[in-house]
Amino acid sequence: MNPDEMKKTAAKAALEYVESGAVVGVGTGSTINHFINFLGTIKGKIEGAVSSSESSTARLKALNIPVYDLNTVSDLPVYIDGADESNHYLQLIKGGGGALTREKIITAVSKKFVCIADQSKLVDILGKFPLPVEVIPMARSYVAREIVKMGGEPVYRENFITDNGNQILDIHGLEIMESAKLEAQLNNITGVVTNGLFAMKPANVLILGTPEGAKTIYPK
Ligand SMILES: O=C[C@H](O)[C@H](O)[C@H](O)COP(=O)(O)O
């Protein structure tokens with residue numbers, strides 16, 4: 001089974017977390033694209049969706065799934081999204097596709113965060129995947145210098161603008177032992193919008209696609 005088939009397996013299994021009559025939080029990325037397709041098959045069962053990116057919004061709308069402005073939604077039972085890495089506490093690195101800020105906002109609003117991924121995303125220590133940090137454009141160099149002082153190696157993601165009109169620095173060379181502390185430290189740098197560590201509010205459930213089928217993992 002190739003990684004894409006494993007992503008599809010995880011995406012299909014996530015359907016069981018979708019509540020009837022509710023608005024569903026929908027993330028961004030290749031794994032979520034499979035989930036959006038599956039969601040289309042049960043669209044009559046849900047009220048609609050909130051989405052973490054313009055690309056997911058376009059896919060949802062193409063399937064005639066109503067997409068709501070998050071400001072109009074007060075109750076969001078579940079948010080379903082992928083990840084670039086997860087540790088065994090279900091703390092995540094996200095933002096490989098640059099959607100981290102909207103993803104973190106929907107995570108904050110949702111009652112339950114169900115993460116879906118192929119089995120390669122589960123790691124012992126976060127940081128092999130470069131950690132994305134969304135920055136206000138005029139602050140980029142300043143933020144990069146601050147990250148260097150912290151021991152990271154920031155790399156500017158060239159020719160990429162987020163849906164919020166900002167830029168991304170990807171931090172290489174990290175071995176993240178204290179995820180929540182690093183998440184807060186990075187967010188405290190002036191000019192940072194947010195970073196891709198989801199440690200203070202980790203996922204509640206991780207569904208991994210494996211050749212043997214979907215495997216559900218709870219935080220250690
Ligand atoms: O910004 C993108 C998101 O955080 C994605 O959830 C993450 O990059 C994983 O994407 P994929 O499902 O394509 O591996």
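Backbone N, Cα and C define each Cβ position, glycine as well.
Note that TrEMBL annotation is computational and uncurated.
What TrEMBL records for Thr28, Gly29, Ser30, Thr31, Asp81, Gly82, Ala83, Asp84, Lys94, Gly95, Gly96, Gly97, Lys121 is substrate binding site. Counting only same-chain residues six or more apart in sequence, the Cβ atoms lying under 8 angstroms from the Cβ of Lys121 (substrate binding site) belong to Gly82, Ala83, Asp84, Glu85, Ser86, Leu208.
According to TrEMBL, the active site, proton acceptor annotation covers Glu103. Counting every protein chain shown, the Cβ of Glu103 (active site, proton acceptor) has 29 other Cβ atoms within 10 Å.
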Environment of Thr28, Gly29, Ser30, Thr31, Asp81, Gly82, Ala83, Asp84, Lys94, Gly95, Gly96, Gly97, Lys121, the listed substrate site - residues of the same chain whose CB lies within 8 A of the CB centroid: Gly27, Ile32, Ala99, Ala117
Surrounding CB atoms that lie within 10 Å of the CB of Asp81 (substrate binding site), all protein chains: 29
Close-lying binding-site residues around ligand 1 among Asp81, Gly96, Lys121, where CB distance stays under 6 Å: Asp81, Gly96
Listed binding-site residues among Thr28, Ser30, Asp81, Lys94, Gly96 whose Cα sits within 10 Å of Glu103 (active site, proton acceptor): Thr28, Asp81, Lys94
Largest CA-to-CA spread of substrate binders Thr28, Gly29, Ser30, Thr31, Asp81, Gly82, Ala83, Asp84, Lys94, Gly95, Gly96, Gly97, Lys121, angstrom: 16
